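J.: In case it helps, Swiss-Prot gives these features for our protein:
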DISULFID  CYS66-CYS92  disulfide bond
DISULFID  CYS90-CYS124  disulfide bond
CARBOHYD  ASN106  N-linked glycosylation site
MOD_RES   GLN29  pyrrolidone carboxylic acid
SIGNAL    1-28  signal peptide
Amino acid sequence: MYSLHLLLRASPAALLLILCLQLGTTKAQEDTTSRQLMTMDLQMLQIDTSEEATVVLEVSTDLRECMVVKAYLLSNIPIEGNFNYKFTSCLCNNYPRRFFWDLQTNSTVRITAVVDVIRELGICPDDWAVIPIKANRFSITKSLP
């Protein structure tokens, strides 16, 4: 009976120790979330089919380091004008970038926005930028009626 009394007396301390260890392990497992290398949102604003359309590409990253990115558009039919412009910018965690293109077409067109992570000096502050090992080209496609 005496040994049973000692077992019940030590139990709350052991339970508290196990609880603390479990909470510590759970917290360590939560810190292993993966960051999004690049998030892209492509919007096409068009009032009427005979008028000019504006293509807006918003690019953001969850990385702590900055990257030099080059953004451009591709299409299934040739389009003239500033559609062919390429934008180079520094993409950092707290500063998403928005790129704008104006285009005019009379038919349905599939537009692909491409963002390349490149190595170029003089774009990011103090030339501090990273290049991902896994992937350096990202794209998103939409149709413009």
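From the backbone N, Cα and C atoms, a Cβ is placed for every residue, glycine too.
Locate each feature and note its surroundings.
T.: There are 19 other CB atoms within 10 A of the CB of CYS92 (disulfide bond), with all protein chains counted. Look at CYS92 (disulfide bond): DSSP puts it in a strand.
Mapped onto three states, the DSSP output places ASN106 (N-linked glycosylation site) in coil.
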J.: What is the number of other Cβ atoms found within 10 Å of the Cβ of ASN106 (N-linked glycosylation site)?
T.: 7
J.: Long-range same-chain neighbours of CYS124 (disulfide bond), Cβ under 8 Å, sequence gap at least 6?
T.: CYS66, MET67, VAL68, CYS90, CYS92
